[in-house]
Structures are given as structure tokens and as C-alpha cells.
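Residues or ranges marked as repeat 'TPR' by TrEMBL: 345-378, 413-446, 452-485, 486-519.
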């Protein structure tokens, strides 16, 4: 057969692949390889077999060739076949014996020495070494060696920043702490045309930095878009409304406690792209916080119908039952989600929370410890372990876990809040006030109602320290966020009472009792305040029988 006829057949194979006619592609690729015995044509035949899901046959073809161990693309495709066959040890053996250090640098990688088949010189190509490192990471993760998996994923993204899948695995599986994510990102060698990609990656990592830093990241990405040399003006508009970027913003709003804002944004995103799973997860989390059980029910039904084999679908069902306080059912579905995907962190946390909601501490601890082991970069399981120790009044142990959570994520205000609570319970009021102030310093302004308990706790701490003016100021600040907090009114009334401002104290005791008429503390203290007000003119130095019973 003449060369031009063979080239036409190659074109037919490529066209069949592009049209997903894999059996046709396999048929013609087999004939081309038989005519030429050229390695590039054998590789094309193996690609067609792989895409047609004939993994064993594709591997046999590649392994039988004389250059499989010399050419990195042959070796990589053979290893991909073994990946699909779930033969992980053989997959690693096919990829070779390269080692990686703790910083994610490959020590003895020789994969770059091979030839490159089927390469279009006009296209920018991801480094084959990066793809190989990523596949090694997947194999190690499947073998439950998450330490090696983390190192190989780091090696993959360092070998080529365009290997987004490696970064996605590191982020979604919470393999790195906040500091490690930032350090990895700063070590990547982006090309001069990849400024936008660097900014985008910065938006993907954990978003617990200060508000101005996070906002600057989003603005920088938009600025990179504006500076693009693309002649198409629609590029800017498309990137600014990109679903992935807006999903990052929604995630940021959720972490800030702006649940309504987050829910509104994800609702818009899911109207635009109903099957964007990252937006779906954030939407579920926001709906949970807002108590939107009807929305959770509808989302769960649709997800189970469309993605019955995904952990996210059954996690959504668990969220619905958790929201309506049917914790036994929620546990069952959270457990099913972890069975389908053991690396799905939200399911493990939900599983533990469902046990904790019924005060089944041992089972909750077990779920949280599993989460802490599987997701070393996620501080939430460790934080929840500390909360469980708090519930059983093991304050020193709780503090240790809160400090550990702070090490993993040093900028989450919730961690500082819990450190303040445990210090307060240990009667270290100066320390408690310091932690609560640090919490509020890390929270974006204006403060949302979510942080009202922190402000009340800070006011309690100042009251305990007898700094009454500061305590009253923070109680009033808390009332500006929520007027339905018994603790705020009771604390404010008691602080006025301690200052002998009996009229103000009586007013706030009444407001507290309006919220909870049978509250014992406020009922007793109201009686004392009325007696104190009657006696005040007669004997200001009289024993007022004030024992500080309010906590």
C-alpha cells in the first residue's frame, strides 16, 4: 500500500476516535499497524484499544512491543491499562523505580529520555513526566499509601503546573495543610503566559486567610484576564463569570459564615450548570446551615437519580435527614457515602456529627479520628475531636486537639473561638478574652449573626475580669446582631447588677425572661435586683447577697 493511502487511513482512525467510533478506529488502526509496523502506528492502535475499553488487549499489544520500556509514552499507556484493570502493583512496576523526596522532587526519573509519538508541535503539551508522577500517585492512593500518594501528586504538579488533576487531588483529598498548599503554589514554575493560571490556583486553595488577601486573589485573577493579549473581548467576560471561579467564591462565603450569600450564589451557578458537582457540594453545605430541608430533599432526589454511584449523592441524602433531625437515617447514608468513596471528607465529618448530635461520643470520636488520619490537611476532624472532649469536660485534652487543629490551619477563626471557650471553662479569663479578640480579628467585616456567640463569650470574659464597661459594650454589640439571645440579655443584666445599676438590670432581666419565662437564674436575680433597688436608698452598704452564679 502506498504511503499516501496509509496516511489517509491514519486520518480515518483519528476521525473515528474524534467521533467516538472506537470499534471502527480499532479496525483501521490494526490494518495501518500491520502495513507499517511503525511504533507510532502501534501506539495509535493501542490508544484506540484503550479508548474502546479493551484494556487487557491494549496492554498485551504494548507489552509485546520492543520499545515499551524505552519509550515513556508506551510505558505510560501500558500503566494506564493496568490502572483500569485495578492491578496497582503491576502498574507501579510498569512505571519504574523512580523515587521522590519529601519536597516532591523526583530523584532518579529517566522518563524524559524517550521519544514523543503522535505529537502536534503546534499544541502545548503536558509533560509526560508529570502524567507519570500523577499515575504513580493514584496507584499509591489506591493501595492506601497516602503519604507516597501525596509526594507523587506534588511531584506531578511541580513537573508541570498544567497537570491540574494532581493539584485537584491534593486539595479535594485534604492532603496538605494551609501552609503546605501555599508553599507548593509558590514553588511552581509557571510560564510567562500562565499568570492567570497562577492566580486561579491561588483561588482554589484553602480560603482562611484575611478578607483583604482573599479578595485580592479574585481581583488579581480578573486583572490578569484584562491584561490578556487575546483579541477576543469575550474572553474577559467568560472568565469573570466562569463557574469554577464563582464556585471558589461561594466556598469562600461559606467559610466566612456568609451562608445566605453562599446559597444565593450557588443557586445561580446551579441554574447555569446543574451538574457542576463542586457547586453542588457547597450548595448542600449552605442549605444545611440555613436549615433549608426542602432544598436538600430535592437536591438529594436529583443526585441519586443522576449519580447513584457517587458518594456526593448519598451524602446529600444524609444531609437531608440530619437537617430534619433524623440522625439514625442520616448516619446510614453518610456511612454509604464513605463506603462508595473512602476519600470523601464531608461524609466522614457528617458521619461523626450525626453520632455527636445524639451524644454518642465514642462512635463520633471513631469517625473523626478516621477523618483526621485520612485527611491530614483538614483541621475539622481534629477540631471536632476537641469539641467532643469539651462535651465531657476533658478540657486539657480538648485544648491539645484545638492547638493541633490550629497547627494544621492557623487562620480559621473557629479554631480560635474554641480555644477561647476551653480557656473560659478552665477559668483562664484573660486567655479566653485574648482568643475571642483574635477570633473577631480574623472574621471578615461586617460581622454576621454566626459570630454573635463569640461576641457574647468575649463579653462574659470581660465581666469575669470585672472590666464592666468593655463587657457592656460587647453585649450591646451582640444585641445588634441578634435580639433573641437569652445569654446576651442575662449577661448584660447581671453586669449592670454588679455595677449597682438596678433599673437597667431589672429591664434586661425582664427581656431575658420574655424569651424564656422559666429561666431559673434570671428569675432569682430579678427578685434580688428588685430587692436591691428597694434597699438601695435605705442602706447602700447592705449585704446584697450577690453570688456570681451566672456562667
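One is the number of the first residue shown, and numbering goes on along the chain from there.
In case you wondered, yes, glycine gets a Cβ from its N, Cα and C as well.
Remark: the repeat 'TPR' (413-446) makes no contact with the repeat 'TPR' (345-378), by the rule of 3 or more CB pairs under 8 A.
Here the repeat 'TPR' (486-519) has Cβ contacts under 8 Å with residues 452-453, 456, 459-460, 463, 466, 468, 471-472, 475-476, 478-479, 525-526, 528-530, 532-533, 536, 546, 548, 550 of the same chain, all six or more residues outside its ends. Taking H, G and I as helix, E and B as strand and the rest as coil, DSSP gives the repeat 'TPR' (345-378) the counts 27 helix, 0 strand, 7 coil. In this model, the repeat 'TPR' (452-485) carries an average pLDDT of 94.
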